[in-house]
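First comes the structure, then the notes that go with it.
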Amino acid sequence: MAQGDDLISVDYEVFGKVQGVFFRKYTQAEGKKRGLVGWVQNTQHDTVQGQLQGPAAKVRQLQEWLQKTGSPKSRINKAEFRNEKKITVLEHTDFCIVK
């Protein structure tokens, strides 16, 4: 595999106006568009959190989207990324919205 094609996994949490604005639905669509797998869910703290897995370059694209773009009616204050690691195989089969 070429550099940037390494599979990685990263956890994320997005802060701001990210609930009630279809943020999870848009995140799922953006992830699938890039061929990523993982999950997204609302938290009790009015944030959105989840996990991304896939080729490093594609994960970086979605990280930037989570930091700067989001859903049309969202307002992102910040996005935090944790537990980034290289993986040899994807641990998810799809990009799911967790209720």
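Every residue, even glycine, has its Cβ placed from backbone N, Cα and C.
Automated prediction, rather than curation, is the source of TrEMBL annotations.
Around Arg24 (active site), the same-chain residues at least 6 positions away in sequence with a Cβ under 8 Å from its Cβ are Val40, Gln41, Asn42, Val48, Ile97. Residues annotated as active site in TrEMBL: Arg24 (among others).
The active site feature in TrEMBL is assigned to Asn42 (among others).
Look at TrEMBL and you will find 9-99 tagged as domain 'Acylphosphatase-like'.
Other Cβ atoms within 10 Å of the Cβ of Asn42 (active site) number 18 in total over all chains.
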